[in-house]
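Take a look at the structure below.
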Amino acid sequence: MTISNSASPSDIEAQKSPPVKTESIPQKDGVGEDVPLIQPACTPGLYGYDETPEIIRSPYLLTGYRLYYSWGQCFRSMFQVHNETVNILTHFFGGIFFLIMMIYSATLTARVAVAQCIYCFAACTLLFASTAYHTFSVDLPKYTLFLRFDLSSICVLIALSYVPPVSFGFLCYPTLVTIYLVIIIVLAACASVVCILPCFLPCRVLRASLLLVVGWFALFPVGNAVYLYGWAGAWPLASRLLIMGGFYSVGCFFYLSRIPERFAPGKFDNWGHSHQLWHFFILAAAIYHYWAMISLYADQAAIGRC
Ligand SMILES: [Zn+2]
């Protein structure tokens, strides 16, 4: 059966038993008797926590799981209310925003345009992959397929996020730029392997931790900038990366802690749960990073660094 937002208490009670098809089996005395078959009803709709496969459901979110949706139904559900709606739309509209910014970036001066277009491409990759993952993860095969795309795209974004700060932060040191970008791409590739291998799919803490390590690799180029320019000279780069890292870290805190829904299971099923907050902080970090790198280049150019 389906569970809507306005389900009555009896509906909610009924959802605890998975729906099953029944068939009339003839008995010896000729009277039919309804007995359950093994197969579930598989009726597309919104289901409860107990009816949803363990790998798809999220602790403390008790309703609003889409099950047995076709590809077309998944696509149409982007604009319907369930526990993935906000996850889908935050990154869908975020992806459109970065598509527009990529076109805009191409009109900037060549040095800025290349780095910012690469970054916008990475942001679009992540945001649209995430949109697809949240839109189509209604059964195990689709979930497994799109989760890999989603996680890989996070690695792509983190790696390519380094292109503008390293390029603009070391304008006069092209060799350093090359070294840093090679290191970060290798690190991100290793993280991608962990994200893509099916055996690591249930290890969300390991994945998040690895991504944090790759993200906080930024400390190395920042330390290098301090060595080259001194604290004051490195601050324009360091402060911007710290703020971006702060956005990601706060988002990770919500992602891992499952706050606020852990304190009120069932109260944040459709609106305001931790994964939605994680998405908002990713989007905020991505937008901030775009703006911060434009202003970093302006700062560097203003003080005559190459
Ligand atoms: Zn997500």
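Yeah, the Cβs are placed from backbone N, Cα and C, and that goes for glycine too.
All TrEMBL annotations are machine predictions without curation.
A quick note: this is a predicted structure, and the numbers were derived from the prediction, not measured.
Per TrEMBL, the feature region 'Disordered' maps to 1-35.
What TrEMBL records for 86-107 (among others) is transmembrane segment.
Annotated transmembrane segment per TrEMBL: 113-133 (among others), in sequence order. If you look at the transmembrane segment (113-133), the same-chain residues 6 or more away from its ends with a CB under 8 A from one of its CBs are 87-88, 91-92, 94-95, 98-99, 101-102, 105-107, 146-147, 149-150, 152-154, 156-157, 159-161, 163-164, 167-168, 279, 282-283, 286, 289-290, 293-294.
Under the heading transmembrane segment, TrEMBL lists 145-165 (among others). Outside the transmembrane segment (145-165), and at least 6 residues removed from its termini, the chain residues within Cβ reach (under 8 Å) are 115-116, 118-119, 121-123, 125-126, 129-130, 132-133, 136-137, 180-181, 184-185, 187-189, 191-192, 195-196, 201, 207, 211, 214-215, 217-218, 221, 237, 240-241, 244, 286, 289, 293, 296-297.
Taken from TrEMBL, the feature transmembrane segment covers 177-201 (among others).
Summarising the annotation, TrEMBL assigns transmembrane segment to 208-231 (among others).
Residues 161, 165, 168-169, 204-205, 208, 211-212, 215-216, 218, 221-222, 225-226, 274-275, 277-282, 284-285, 288-289, 292-293, 295-296 of the same chain sit 6 or more residues outside the transmembrane segment (237-256) yet have a Cβ under 8 Å from a Cβ within it. Annotated transmembrane segment per TrEMBL: 237-256 (among others), in sequence order.
If you look up TrEMBL, you'll see 277-298 (among others) marked as transmembrane segment.
Taking Cβ pairs closer than 8 Å, the transmembrane segment (277-298) reaches residues 86-87, 90-91, 94, 97-98, 101, 108, 111-112, 115-116, 119-120, 123, 126-127, 130, 157, 161, 164-165, 168-169, 236-237, 240, 243-244, 247-248, 250-252, 254-255 in its own chain, all 6 or more past its ends.
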